[in-house]
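What TrEMBL records for 2-156 is domain 'AAA'. If you look up TrEMBL, you'll see 11, 12, 13, 14, 15, 16, 17, 18 marked as ATP binding site.
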């Protein structure tokens, strides 16, 4: 049976869709058949980050409304075997998703996939609530800033009270914390919260810490998940994150300021 994982955040701009693309790609690279669903009706970013925007013919809402089937709608990733995208609609209103319709699509996907990643809109609007409702696990993406962490705390409240698991009295959604845009130098200067600060405030297990990196922007602009840039710190950190999600014990990296050697200090770099 497929595991349904929602990737969510309390506010926009924290790297949620970037994280969905990277983690979905990482799971597929590890041999797990994975589909990423874009729940952000009206905005549609996932297909851009995955570089498949020109291949979108039908979308999630078309499937819910019976205007297309999953075989017609799913986009197979050209770079990574086992990876598929279910794009959002750019033209429909946020309330186009119905609980019954989403459940029907998820049940159909669950027959064929190991992991279903739900890329949620930010905040607590209807699309976000729909994305988290059916989740088995949740990856809460936050930046090390007070406003982002506070908004994430609200999302944790929703996961605990508004999900199918909560309504049916089942085991709670398993929550993971993913900290993005982490900059140890700014933490040392007191401009950002530390990993320990964020863990203390949110009290959920830390899944990954993604360093602030130009590689993330470069990957997004080129329509390629940053996890495929294995030379970059961010790409390596996302791979570590995927391995932890799969239950592997992987030490955390990129948490401290890199001390430059004498030659680097003299000659720069």
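Glycine residues also receive a Cβ, built from the backbone N, Cα and C atoms like all the rest.
Unlike curated records, TrEMBL annotations are generated automatically.
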Checklist outcome for this item: Counting other CB atoms within 10 Å of each candidate's CB, the least crowded of the binding-site residues 12, 13, 15, 17, 18 is 13
Checklist outcome for this item: Within 8 Å of the Cβ centroid of 11, 12, 13, 14, 15, 16, 17, 18, the other same-chain residues by Cβ around the recorded ATP site are 9, 19, 122, 141, 180
Checklist entry - Tell me, how many other CB atoms lie within 10 A of the CB of residue 11 (ATP binding site), whichever protein chain they belong to? => result 20
Next on the checklist: These are the binding-site residues: 14, 16. Which one scores highest on other Cβ atoms within 10 Å?
Outcome noted: 16
Item to check | Where residue 11 (ATP binding site) falls in three-state DSSP terms | outcome: coil
Checklist entry - Hey, does DSSP put residue 18 (ATP binding site) in a helix, a strand, or just coil? => result helix
